[in-house]
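Participant: Shown below is the structure under consideration.
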Amino acid sequence: MVSKGLLRLVSSVNRRKMKLLLGIALFAYAASVWGNFVNMRSIQENGELKIESKIEEIIEPLREKIRDLEKSFTQKYPPVKFLSEKDRKRILITGGAGFVGSHLTDKLMMDGHEVTVVDNFFTGRKRNVEHWIGHENFELINHDVVEPLYIEVDQIYHLASPASPPNYMYNPIKTLKTNTIGTLNMLGLAKRVGARLLLASTSEVYGDPEVHPQSEDYWGHVNPIGPRACYDEGKRVAETMCYAYMKQEGVEVRVARIFNTFGPRMHMNDGRVVSNFILQALQGEPLTVYGSGSQTRAFQYVSDLVNGLVALMNSNVSSPVNLGNPEEHTILEFAQLIKNLVGSGSEIQFLSEAQDDPQKRKPDIKKAKLMLGWEPVVPLEEGLNKAIHYFRKELEYQANNQYIPKPKPARVKKGRTRHS
């Protein structure tokens, strides 16, 4: 009897233990399952986010391509001439989204060539060439010429460089690199693919000239360590590089010494005299003249320059050629003319003269006339009216985008500016 009772007691205790152990085991299992579920859900959510992010990275460029294709079907491009395969050239324009470069792009596209624009958008703007995006003959590449470029082309227009005083003084080292390393890279490309290269040089290589007007055989009167030297000397070195490659490597080069140019797509606050005067007159602010205003400049309209660049590229002239308008005016005359054309009540304000500001600049273009059959044809007032119209539209655009530009002086010395 005792043994049976004891057995039942032990059996009862074992059942209770088993139930307890089973309960603990079930609880532990449930806790483990819940923990794994929560962990897996977290991993899944993170994974889904990562996958979605990766998919978005892949899909976004495709969306952009689709938008460009849709635009190409609906967009009306400027009229383009048809050229045969033999006559159509593959042309590279460095700095092609800039002021002059974008007008050159228009000219070459409308002439029927295949144009590749390379720009790092330091001063260039996509807006300047967006009307060609999607066209089968056009390609836009975001690239800095200080890095090598590998592309098959027949001609290279090397325009890449900051060209207005505020821009090249803001980053003089970048300006030097663009005009030296960038030019070396483009010459190396021209050598590899057998292309002809045109360097957009500048009248600044003449410095503050002691000879007037300036012809191509004048060596200049320059300050190699002055505030503008990064640009002036950069272009002088670029010319030297071109002729070294021509003599040693047989590269075909053309060098255009470009004088003051104006027209639509100029930056309104780039610190140049024409853009400054137009912007000040439109905004009713004083037109700032540095010094007495007796300094002289000769301004050409941008379409004249573009025609000159194309004529030079397709010529047999390998020595430097001046491209500019020999019609000379004082800075004060420009201020008064722009004020009258705008119909502005702005006053003319005289400020202290800037350091290294050339007193006279006027091109001798006999060589261009004789060897290229080129000379400017757009009258000054006609060109200024076109520029003023563009600036009015640009001010409206900027106002709609909550940005009102102000004339931007070149920082030279104690806040002084210069006439470019």
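Count begins at 1; order follows the chain as displayed.
Note that Cβ sites are derived from N, Cα and C of the backbone, with glycine treated the same way.
Swiss-Prot lists these features:
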TOPO_DOM  1-19  topological domain 'Cytoplasmic'
MOD_RES   Met1  N-acetylmethionine
TRANSMEM  20-40  transmembrane segment
TOPO_DOM  41-420  topological domain 'Lumenal'
MOD_RES   Thr94  phosphothreonine
BINDING   98-100, 119-120, 122-124, 144-145, Leu159, Ser161, Thr178, Ala200, Tyr231, Lys235, Thr261, His267, Arg272  NAD(+) binding site
BINDING   Leu149, Tyr150, Lys177, Asn185, Gly188, Lys191, Arg192, Tyr245, Gln248, Glu249  UDP-alpha-D-glucuronate binding site
CARBOHYD  Asn316  N-linked glycosylation site
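Describe each of these features in terms of where it is and what it packs against.
Facilitator: Neighbour density for Thr94 (phosphothreonine): within 10 A of its CB lie 31 other CB atoms from the protein chains shown. For the recorded site, Thr94 (phosphothreonine), the DSSP three-state label reads strand.
Sequence-distant contacts of Lys235 (NAD(+) binding site), defined by Cβ-Cβ distance under 8 angstroms and a gap of at least six in the same chain, are Ser161, Asn179, Ser201, Thr202, Glu204, Val205.
Residues within less than 8 Å, Cβ to Cβ, of Arg192 (UDP-alpha-D-glucuronate binding site) and separated from it by at least 6 positions along the same chain comprise none.
Long-range C-beta contacts of Asn316 (N-linked glycosylation site), restricted to its own chain and to partners at least six residues apart, with a cutoff below 8 Å, are absent.
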Participant: Nearest by CA distance to Leu149 (UDP-alpha-D-glucuronate binding site): which of the recorded positions is it, out of Thr94, Thr123, Thr178, Arg272?
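Facilitator: Going through Thr94, Thr123, Thr178, Arg272 one by one, the closest to Leu149 (UDP-alpha-D-glucuronate binding site) is Thr94.
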Participant: Pop the Cα-Cα gap between Thr94 (phosphothreonine) and Asp119 (NAD(+) binding site) into the table, whole Å please.
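Facilitator: With distance taken Cα to Cα, Thr94 (phosphothreonine) is 6 Å from Asp119 (NAD(+) binding site).
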Participant: With every protein chain in view, how many other Cβ atoms are within 10 Å of the Cβ of Thr178 (NAD(+) binding site)?
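Facilitator: I get 28 for this one.
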Participant: Around Gly98 (NAD(+) binding site), how many other C-beta atoms are within 10 angstroms of its C-beta?
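Facilitator: Excluding its own Cβ, Gly98 (NAD(+) binding site) sees 29 Cβ atoms within 10 Å.
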Participant: What is the one among the binding-site residues Val145, Leu149 whose Cβ has the most other Cβ atoms less than or equal to 10 Å away?
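Facilitator: When each Cβ's neighbours within 10 Å are tallied, Val145 leads.
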Participant: Least buried of the binding-site residues Thr123, Gln248, going by other Cβ atoms within 10 Å?
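Facilitator: Fewest other Cβ atoms within 10 Å, among the binding-site residues Thr123, Gln248, is found for Gln248.
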Participant: Would you identify which of the binding-site residues Lys177, Arg272 has the most other C-beta atoms lying within 10 angstroms of its C-beta?
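Facilitator: When each Cβ's neighbours within 10 Å are tallied, Arg272 leads.
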